[in-house]
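S.K.: What TrEMBL records for this protein is below:
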DOMAIN    B:1-78  domain 'GST N-terminal'
DOMAIN    B:83-209  domain 'GST C-terminal'
Protein chains: 2
Amino acid sequence: MILVGQYDSPVTRRVAIALHHYGIPFTRDTRSIFGDAAAIGRISPLTRIPALVLDDGEVLIDSASILDHLDEQAGDAALIPRSGPQRRRVLQMTALAQGTLEKVAAVVYERHFHPPEHRSAVWLDRCLGQARAGLDELTKRLTTPYACGAALTHADVMITTLIWYMQDRMDEVLSPSAHAALISLAEHCEALPAFRAAAPSDFEAMPRS
Amino acid sequence: MILVGQYDSPVTRRVAIALHHYGIPFTRDTRSIFGDAAAIGRISPLTRIPALVLDDGEVLIDSASILDHLDEQAGDAALIPRSGPQRRRVLQMTALAQGTLEKVAAVVYERHFHPPEHRSAVWLDRCLGQARAGLDELTKRLTTPYACGAALTHADVMITTLIWYMQDRMDEVLSPSAHAALISLAEHCEALPAFRAAAPSDFEAMPRS
């Protein structure tokens, strides 16, 4: 099994953490979607990461779809219940964190692909406001010790990789005081073996603008 | 049950089609994320659509998460199997179509939020190339009569709402010849009752740039 993607992508890292947590062995293809787009495009048609190449050659795309497959393999060990209100709760917290990430990434891309004088202030304000609202809502809904209760779930993984990305790349709406609970959860999770095993290496970074 | 969102959003329309297909009654909140962002933000923290307000007031966000919940209610009538290779296949075709949509939407947003002289040619070329590759791959994988075999699935719904959006808003990478099979599938699906019931009204449109 080959995981395609660099760990500065929170959704790629999210899949890697689940693989480590489930004890599923895998290797990595760390070529870059920016530096080596053609090579990634031959594996993943949309030139997006993560992609997971199964042992029979089938290629899965999209982090949520990949995890749906891995969760099925994991059975009762899955980081989400198979059904019911607790599944809904984990999916909702995960969607909030991923939606927040998408707004943060929109800001990063706007800044990366446009020189300062060409950036849309309206778009940036809109995305920054949505990202801040996402962090506020996640903070409001968070429980202890984990995001959705007593056990680690996909929500904790998504929140932790989101916080890592923001601290690395765009932290202006991440408040050390207002979002202290999220930051504290992320610190706790980063110390767990599966998260440490999926720590980004120095070479894994999107080109800076 | 209240579905929040306008049908010019393919992912909102996707949820509406599933609700109609499952025979689940619902009303709609058609306020706009652009024209009435504050009102939508009070319902959906990220100011994103679709959101689904359940009868007990719980608000679900994110189309895939909403559909996961509705599929559970639908049981054997769900537009996706509960597990196994066929579930994986439906999720993969759906992810390809949704990923293609995200690239098309990125182009639409770049053009909406930037005057011509401030648009990033690199970003537009990148997104247009990814969107074209997505359409090519979907075409390659398509079966008949439906995208994943003999029965209608979430993949057909996502593909159909994608094609509708492209024909309405950004059709320059949609080829009438190369992507004829996708367009033909969309035409077939649009004639089905659940799709007709979720047809966009004239007032449902993102402000044009």
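Positions of Cβ are set from backbone N, Cα and C atoms, glycine also.
Unlike curated records, TrEMBL annotations are generated automatically.
Quick caveat, the model's predicted, so the values are computed rather than measured.
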S.K.: Looking at the domain 'GST N-terminal' (B:1-78) alone, can you tell me the average pLDDT?
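M.R.: Result for the domain 'GST N-terminal' (B:1-78): average pLDDT 96.
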S.K.: Please spell out the DSSP helix, strand and coil residue counts for the domain 'GST N-terminal' (B:1-78).
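M.R.: DSSP composition of the domain 'GST N-terminal' (B:1-78): 35 helix, 12 strand, 31 coil.
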S.K.: Of the residues in the domain 'GST C-terminal' (B:83-209), how many are helix, strand and coil by DSSP?
M.R.: 85 helix, 2 strand, 40 coil
